[in-house]
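Per TrEMBL, transmembrane segment is recorded for 20-37, 161-185, 205-228, 249-271, 283-302, 314-338. Under the heading region 'Disordered', TrEMBL lists 44-155. Residues or ranges marked as compositional bias 'Acidic residues' in TrEMBL: 45-54. As annotated by TrEMBL, compositional bias 'Basic and acidic residues' applies to 73-91, 121-144. Marked as domain 'CAAX prenyl protease 2/Lysostaphin resistance protein A-like' by TrEMBL: 250-341.
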């Protein structure tokens with residue numbers, strides 16, 4: 001009789017389910033997310049103040065035209081204008097490097113001694129200078145303009161590409177913390193909207209998400225039009241701040257930043273707050289949908305009061321879609337399409353906001 005070898009213990013033991021602890025982690029991550037959104041709102045406000053000063057100096061600020069309504073399409077990469085500007089700068093530099101023409105040496109200097117006209121004055125011909133006889137010049141007591149010093153002290157503005165990368169990494173960090181917590185506390189995947197149901201992770205879920213996202217974008221445009229007609233326009237400073245300035249920035253936006261934003265925000269506000277927290281508290285998911293929508297709206301405070309209201313409404317619709325389909329994929333695809341169409345239509349094609357205005 002041969003002895004059977006002892007089975008080695010698994011390297012990773014399956015975690016025990018602790019939904020209550022995960023709910024506390026969700027609250028912690030949600031608080032950090034909202035604090036970061038509040039700090040980002042301050043950056044957007046400073047950018048809007050700078051744009052307002054430039055528009056006030058260059059034209060009327062109250063003409064009623066949206067900033068993105070008359071902009072050139074971002075997809076129109078004009079290189080002739082850049083080359084012309086470089087040629088003009090090169091010409092200015094070459095003119096500045098040419099030596100100045102000197103006057104003829106036959107003209108006497110006002111301080112030269114008698115008989116020094118037409119010749120250079122040597123050291124013997126120069127009269128001795130008395131320090132008291134030196135000419136005095138009035139000091140310019142005008143105050144120095146501190147603007148150049150302030151501009152020199154200000155840090156350089158972050159390029160759209162670096163800003164997009166920063167957003168992707170920051171939100172990705174929140175998502176990674178929450179995903180690690182979901183594994184550590186053994187949160188069941190169906191609770192987070194991930195199951196074997198075709199409407200949850202299959203092609204039907206992808207199709208529903210696409211249709212859902214297009215419908216939400218149309219609703220967002222309608223809300224923007226109603227707000228504009230009532231005189232309460234959106235504050236699109238954040239979108240304009242993230243607007244790509246080249247092909248690489250567009251690839252980064254559409255291929256990395258917006259997907260990360262959609263996955264992380266839906267994972268936090270819908271899967272974690274609505275799905276897992278409702279299960280942990282044995283509460284109605286519709287009640288948690290209201291809570292998540294309020295938090296989702298507060299996280300978009302950079303869009304102004306109207307933007308916060310509209311974003312809260314869109315957040316509740318996304319939460320309803322999650323509850324009805326129990327699919328994280330559906331709401332992620334819908335969220336991505338809303339953001340992507342927003343950038344492509346208004347920043348890429350340069351169409352007004354809303355498109356029919």
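Numbers run from 1 along the shown chain.
Placed from the backbone N, Cα and C atoms, the Cβ positions cover glycine too.
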Proximity verdict for the transmembrane segment (283-302) and the transmembrane segment (20-37), three or more C-beta pairs under 8 Å: yes
Leading contact stretch, 205-228, 249-271, 314-338 vs the transmembrane segment (161-185) - CB distance under 8 Å: 249-271
Paired segments the transmembrane segment (314-338) and the transmembrane segment (205-228) in contact, 3+ CB pairs under 8 A: yes
Chain residues outside the transmembrane segment (20-37) and at least six past its termini with a C-beta under 8 angstroms from it: 170, 174, 177-178, 181-182, 185, 187, 268, 272-273, 276-277, 280-281, 295, 298-302
The domain 'CAAX prenyl protease 2/Lysostaphin resistance protein A-like' (250-341), counted residue by residue under DSSP: helix, strand, coil: 85 helix, 0 strand, 7 coil
Integer average pLDDT (0 to 100) for the domain 'CAAX prenyl protease 2/Lysostaphin resistance protein A-like' (250-341): 93
